[in-house]
């Protein structure tokens, strides 16, 4: 079994690589490889797409690696490889992003990425730090994760899904903030599982052993 963390120069993958390698060892889930090569994505059994920064910049960066975006599309939509998007990697699952400019996403989960607008003016944007999760819909990747568990967020925009059934969990930050999305063989987290201690490691382990 091979899990590929896609490296397209949009964030430091060191902590994510360590967390995935640790949980792959603990669960017997095989090898974890960080790669920017389309051929590695093509042979992967599972794909993880991280991303830090602004949606348009990450989308352009991914597109600048010849064949990489296409390899992800092929693996996820045509060959149904399990996929996990993290932070901007999750946002790119949307129809479009509205950060700075309108930018098309993969369009795998209907909805758009919009700026967080807390109802409480004392709540600062970006949403940064620990927050509680509220589980909206059960999912194998959420096994052992309950409402009230903590996750670590750093973001100014969030994914407004078109269909409630595809929002698996949310957080409260003066408004409902989408925390986890999912459909078919794909899931995404707005928070960073590799920085979310027990909750994040549980989610990573669940993803690595998920058999959709």
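Placement of Cβ uses the backbone N, Cα and C atoms for every residue, glycine included.
According to Swiss-Prot, the feature domain 'Glutamine amidotransferase type-1' maps to 2-212.
Neighbour count (other Cβ atoms within 10 Å of the Cβ, all protein chains): 24 for residue 87 (active site, nucleophile). Annotation source Swiss-Prot lists active site, nucleophile at 87, citing similarity to another entry.
For residue 192 (active site), the count of additional Cβ atoms within 10 Å of its Cβ stands at 21 [all protein chains shown]. What Swiss-Prot records for 192 (among others) is active site, and it gives similarity to another entry as the kind of evidence.
Same-chain residues at least 6 positions away in sequence with a Cβ under 8 Å from that of residue 194 (active site) are, in sequence order, 15, 16, 18, 19, 20, 86, 200, 204. In this structure, residue 194 (active site) is part of a helix by DSSP. The active site annotation in Swiss-Prot covers 194 (among others) and is backed by similarity to another entry.
Annotated pair residue 192 (active site) and residue 87 (active site, nucleophile), C-alpha to C-alpha distance, rounded: 7 Å.
If you average pLDDT over the domain 'Glutamine amidotransferase type-1' (2-212) in this model, you get 97.
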